[in-house]
Amino acid sequence: MASIAHCSGGLVGAGNFDFILGGSDPVGRHGLMELQPWHWCCLPLEGRTGSEIFSQLFGHQGIATLLESPYPASPDHPHLGRYSLCAGQPRKGRLWTPKPEEIFSFLNQLCPCNHDVNLTKNIPEHLPFHGGWLGWLGYDTAWAIEKLPYSKADDLPFPVAYWYEPENFVILDHQEQLLWLATTDQEKIKFFQTQLADKINSVSSPQVPPLNLTYTTDQDQYETMVNQAKQYIKAGDIFQANLTLRFIAKTEQKLNSWQVYQHLQTINPSPFASYWRSPWGDVVSCSPERLVKLEGNVAQTRPIAGTRARGKNLAEDEQLLQELLVNTKELAEHIMLVDLERNDLGRVCTWGTVEVDELLAIERYSHVSHLVSNVKGILQPDKTGVDLVKALFPGGTITGCPKIRCLEIIEELEPVRRSLFYGSCGYWDQRGNLDLNILIRTLLFTSGQVTGQVGAGIVADSDPAKEWLESLQKAKALLAALEGL
C-alpha cells in the first residue's frame, strides 16, 4: 500500500468519539457522536518539507498545527526523521480547553479503549496518525497528577491543556516520499490538490528593529536560586533539580511567528519541532526531546541531560564532546535521570520489560550538543496511554529527582509559573498511539511580545555561574531566530 501514489477518494475509516465542546464537561453533555468518515488521498511528496506543505494548505487558517521532523535526519538520530504532520482548523465543536482537574477525565474519555473505534484497513498501519487529536499539556498539568503548592502565577494567556480534532490533516512520509491527505469532505481533495500544485511564493523577511530583551531573573538572582537548590541537595531533599529563567523580547512591530519558526528550523533543525497557531497566540518550538511515545503496546521515553556548546571548528567540537563524555557531574546527572525514567515507566509497564536500549548517545544541534538515552518497555495490558502520560509527566529532565519534591522546590524558587514551557505537545491517535515532546527551545508569541524560557540541571557540585552561562547558551538559537529575520 505504501507505494500507491494516486487518489482513492474513498471512505476508509470511521469510529466513535465523545462530543466535547470546550470548558467544563470532560464527559460530554451530548453523548457519543460518530466520527465522520475520512476521505484519503495519496500523492507523491516530491521532496517537499512539512513547512512547505503547511504553508500551502493551512498557512492561512487561524487555527493550525505543524509537527515537523527534518529529513534527511541528522546522522546522530536518523530514525527520528521519517514523518511530519500538519493540520488545519478543528471540526465544529471539536476543540477543548479544560481546567487542570478535568484533563485526565477528558483523556480517559478520548482513549480508544473506551470506544468502539472502527479502524481502516486500507491505510498503512505504519502511518503515525490515522485521525484523532492534536494538542498540548502545559506544565501545570502536574497539578492534576500530584498535590502541589500554589504560590506563583502564570501571566501568559495559554490554557493549561488544549486538544482539538482537525477537519483536515496531512501525513508526510519522508522516507517513502509519499503525502497522505485526509479530509472529511471529499470535495476538499481536489481543492487541496490544486493548492499543492501551486508554486510556493517565498516571503521576504521584514527588517525587524532591535529587540528589547529582558530577563525575569538576572544573573545574581539565578545564582541565588542555584545555591538554594544546592542547599536542598545537601540536606538530602533532592539529588538534582532543573531551574529556569524566562526572557521577554519586545519590538515596535509585530514579529511574524511563522517566519521565526522557519528561520529557527533552518538554523537549528530538531526532530520534535512544532508550530501552533491558536486563539491565544502562537507557539514555536524546536524541541530535541521526546517525553513519551506509545505505539501499540511499546512505550518509550528519550531523556536529554548533559549539554556542551558547539565548537568553532571540528577539532574544538570533538574536544568539547570528549570533555562532556568524561565529566563526572554530567554523567552522574544523566544516569540519575535515566533511572528516574526507568522507574516512571516501570509503574505502568510489564515487569522485566523496561530497558535502556540507547545510553549516552551524542546528538548535535546548531548551538549545543547533548547526551541522550532511550528507555522503553511494554505497557501492561490493563494500562492505557493516559496512565502512561500520568506516570511520566512532567519530564524528569526538566524537573529533577525525586520529581515531586523538585516540583515543590521549583514552585518556591522560580519567580513565575512555567506556562506551556516544559509541558508537552503532540498527537493522540484514534488507535491509542501517541507521541509527545517536551516543550523546550520554545517561544510563545502573544500580543506585543515573545516569551522564552531556558534552564539547567543543578547538582551538588554545580557552579552557579556556569549554570547561568549554560542557560544563556541554550537561549542563543532562539534569540538568533528572532534577531536574524
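The chain as shown is numbered from 1 upward.
Each Cβ is built from the backbone N, Cα and C atoms, and glycine gets one as well.
Other C-beta atoms found within 10 angstroms of the C-beta of PHE272 (L-tryptophan binding site) number 26, with every protein chain shown included. Per Swiss-Prot, L-tryptophan binding site is recorded for SER69, PRO271, PHE272, ALA273.
If you look up Swiss-Prot, you'll see GLY306, THR307, ARG441, GLY455, ALA456, GLY457 marked as chorismate binding site. Long-range Cβ neighbours of GLY455 (chorismate binding site) (same chain, at least 6 residues apart, Cβ-Cβ under 8 Å): ASN242, LEU243, THR244, LEU245, ILE398, SER471, LYS474. GLY455 (chorismate binding site) falls within a strand segment according to DSSP.
Marked as Mg(2+) binding site by Swiss-Prot: GLU333, GLU470. Look at GLU470 (Mg(2+) binding site): DSSP puts it in a helix.
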- line: Running the binding-site residues SER69, ALA273, GLU470 through a 10 angstrom C-alpha radius around ALA456 (chorismate binding site) leaves GLU470
Query: ALA273 (L-tryptophan binding site): which of the binding-site residues GLY306, THR307, GLU333, ARG441, GLY457, GLU470 have a C-alpha within 10 angstroms of it?
result: ARG441
Message: Say we define neighbours as other CB atoms within 10 Å of the CB. Which of the binding-site residues GLU333, GLU470 has the fewest?
response: GLU470
Task: Taking only the Cα atoms, work out how far THR307 (chorismate binding site) lies from GLU470 (Mg(2+) binding site), in Å, as a whole number.
output: 8
Task: Between the Cα atoms of GLU470 (Mg(2+) binding site) and GLY457 (chorismate binding site), find the distance and write it as a whole number of Å.
output: 9
